[in-house]
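Data block below; observations after.
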There are 2 protein chains.
Amino acid sequence: MFENSRESRTSLSEYGEFGLIDHLTKNFLVTSEATIKGIGDDAAILDFKDNKAVVTTDMLLEGVHFDLSYMPLKHLGYKAVMANLSDVYAMNATPTQITVSFAVSNRFPVEALEELYAGIELAAKLYKVDVVGGDTCSSKTGLVISITALGAAREEDIVYRSGAQTNDLLVVTGDLGAAYMGLQVLEREKEVFKVNPRSQPDLDAYTYLIERQLKPEARKDIPPLFKALDVKPTSMIDISDGLSSETIHLCKNSKKGVYLYEEKIPLDPAVISVCEEFKLDSTTIALSGGEDYELLFTIAQADFEKIKANPNFTVIGHMAEEGEGMHLITRGDQKVPLIARGWNAMKEED
Amino acid sequence: MFENSRESRTSLSEYGEFGLIDHLTKNFLVTSEATIKGIGDDAAILDFKDNKAVVTTDMLLEGVHFDLSYMPLKHLGYKAVMANLSDVYAMNATPTQITVSFAVSNRFPVEALEELYAGIELAAKLYKVDVVGGDTCSSKTGLVISITALGAAREEDIVYRSGAQTNDLLVVTGDLGAAYMGLQVLEREKEVFKVNPRSQPDLDAYTYLIERQLKPEARKDIPPLFKALDVKPTSMIDISDGLSSETIHLCKNSKKGVYLYEEKIPLDPAVISVCEEFKLDSTTIALSGGEDYELLFTIAQADFEKIKANPNFTVIGHMAEEGEGMHLITRGDQKVPLIARGWNAMKEED
């Protein structure tokens with residue numbers, strides 16, 4: 001299962017819980033001045049000074065959120081951190097610390113957990129967050145990862161989901177749907193591999209999509225960009241479940257309606273061509289795909305001039321009165337109701 | 001399996017992830033002034049003002065940490081919160097918020113999760129913490145619960161594991177071993193039940209032990225008691241894994257040795273009698289049993305007068321130079337090495 005793992009396989013039982021945590025976290029240094037005490041006591045001690053603290057948490061389960069047959073453990077560790085940091089950026093805050101808990105069965109050698117932690121360590125280093133705690137326990141079945149991220153923000157900078165006003169512009173960063181199509185490509189290759197293990201897939205055409213699925217990046221560049229552009233969004237959310245369900249979240253929290261224009265939705269050319277190959281509608285994928293970790297936000301129309309020339313941003317619609325409802329305006333200029341078809345964890349097993 | 005659950009069984013799929021969270025958390029109100037925004041955005045917003053923040057996290061898995069055949073879900077929810085709050089008290093801090101994530105299979109009806117959340121809600125209410133976030137997802141196997149607790153403390157009040165000095169007194173709150181013996185009683189009853197489902201166990205003699213196992217309380221009374229007595233421990237830890245392994249943690253973190261006196265270890269009479277019944281050595285149980293959620297701490301000898309009359313505290317030993325080693329002094333006045341035999345999650349499945 002761990003095709004790239006090294007030859008050696010050290011049993012987890014050689015370490016025991018405390019030894020394992022010590023071993024895996026030995027490279028984690030406290031680098032943020034917001035961390036007074038990291039791993040090693042009953043709790044970590046953090047200093048948010050004059051800032052407010054933000055906290056968010058996510059749990060990932062093998063077989064539900066990830067498939068280790070095509071998700072390398074290092075990537076999994078990295079992505080699990082990104083999913084949490086993305087929520088912190090969506091508050092217009094700066095992540096400062098994470099805690100990492102996992103449950104793992106004895107079928108995993110220590111080397112596998114080292115790979116997982118290498119991904120977590122890389123993410124922590126690149127995004128300048130300290131790993132300040134966690135918990136490790138045995139699982140009788142698959143791998144479970146639970147990460148909590150903390151961040152800091154000045155109170156006046158915090159952006160909630162609930163502040164959108166009628167006529168505000170709806171704006172998205174980056175492009176959408178690529179992570180989902182990367183997953184489709186990987187799942188297809190897995191099926192091919194099952195039939196013919198000697199097949200050598202040529203995945204060059206899918207590099208961008210696979211990278212978006214296996215190594216997503218949270219938009220840490222966006223909060224400082226807002227500051228530089230002197231823009232404060234009126235509402236914001238990160239896109240983890242698909243554009244349609246996140247747009248609906250903003251509308252419901254802000255008690256507004258929305259007009260979202262299909263033709264404005266930013267798609268990478270690779271998404272369009274692979275959607276054709278898979279006979280999928282690219283708009284549906286962008287609306288429902290999820291795992292893009294882009295930011296969706298609203299701004300006052302008066303701020304349009306400040307963002308219009310920036311390649312990171314695409315205006316895709318505008319807010320309306322709540323009573324007007326939530327609509328997608330198609331390329332054919334038809335008005336259809338916006339429906340949440342986002343990935344829904346609870347319905348996966350129905 | 002849910003013997004006490006109500007007749008109705010509502011499928012999880014009737015709610016979906018967001019609906020389920022909304023349903024389960026609808027009673028959770030923000031009551032702490034340290035919580036600016038609770039559930040409902042990408043992250044919660046907290047205000048620690050001039051205090052430092054403490055953060056700790058624990059993960060619990062069905063079949064590893066709990067057995068639903070004798071652990072009612074309401075108790076499980078309560079206990080999961082206690083395990084985390086106990087870590088916050090062990091820093092001499094006040095818990096302020098928790099996040100709760102869980103993974104659950106479709107074999108659980110909504111009513112089962114309502115029971116789980118009733119326990120979490122009760123714990124949050126009694127301990128005055130806000131539930132500010134979480135995550136819900138489907139599990140293909142058992143129930144997984146991951147809780148993160150946040151707390152606040154003035155910097156000068158925080159007690160680490162690392163501050164014990166040579167000759168400091170080693171002190172423990174409450175009594176030890178009862179939670180473990182409660183578990184033994186429950187496991188025996190489960191075996192009896194398997195053989196004869198009509199047996200009506202008389203558990204009156206075991207009430208205290210079973211309560212310590214199924215409804216432990218974190219020692220929220222202790223940090224204010226220290227304040228009232230004008231005592232600041234030099235080091236502190238909570239007893240989740242057994243007295244011996246926690247004592248060793250204090251020694252290693254403080255770079256000290258210890259003399260721990262067997263005859264001083266506080267045992268409830270019920271523990272002594274049930275240990276006789278089970279032919280177990282009560283000292284071994286107190287040293288290795290775990291889940292007592294009492295606090296273990298060290299104080300300067302000069303502070304002995306302040307605590308000696310208090311029934312919450314028992315002096316069980318004293319710290320020594322690191323080179324002297326870590327010892328248990330038996331009732332027979334023999335000096336034996338103190339060994340960590342605490343419950344070790346990683347070795348459970350060997």
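Residue positions begin at 1 at the first shown residue.
Positions of Cβ are set from backbone N, Cα and C atoms, glycine also.
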- prompt: In TrEMBL, B:Asp42, B:Asp238 are given as binding Mg(2+) 3, so which of B:Asp87, B:Asp202, B:Asp204, B:Asp281 is in that site too?
  reply: B:Asp87
- line: Across B:Thr56, B:Thr57, B:Ser240, listed as binding-site residues, the smallest other-CB tally within 10 A is for B:Ser240
Task: Using B:Asp241 (Mg(2+) 5 binding site) as the reference point, find which of the binding-site residues B:Thr57, B:Asp87, B:Asp135, B:Arg161 has the shortest Cα-to-Cα distance to it.
output: B:Asp87
Message: Could you check which of the binding-site residues B:Asp42, B:His65, B:Gly134, B:Arg161, B:Glu291 is the closest Cα neighbour of B:Thr57 (Mg(2+) 1 binding site)?
response: B:Gly134
- prompt: Including all protein chains displayed, how many Cβ atoms other than that of B:Asp58 (Mg(2+) 1 binding site) lie within 10 Å of its Cβ?
  reply: 23
- prompt: For chain A, which of the binding-site residues B:Thr57, B:Asp58, B:Asp135, B:Glu291 fall under 8 Å by Cβ?
  reply: B:Thr57, B:Asp58, B:Asp135
Message: Using Cβ atoms only, which residues of the same chain lie under 8 Å from B:Asp135 (Mg(2+) 1 binding site) while being at least 6 residues apart in sequence?
response: B:Ser101, B:Phe102
- prompt: What kind of secondary structure is B:Arg161 (ATP binding site) part of, going by DSSP in three states?
  reply: coil
- line: Neighbours of B:Asp87 (Mg(2+) 3 binding site) among binding-site residues B:Thr56, B:His65, B:Arg161, B:Ser240, B:Glu291 (C-alpha cutoff 10 angstroms), in sequence order, are B:Thr56, B:Ser240
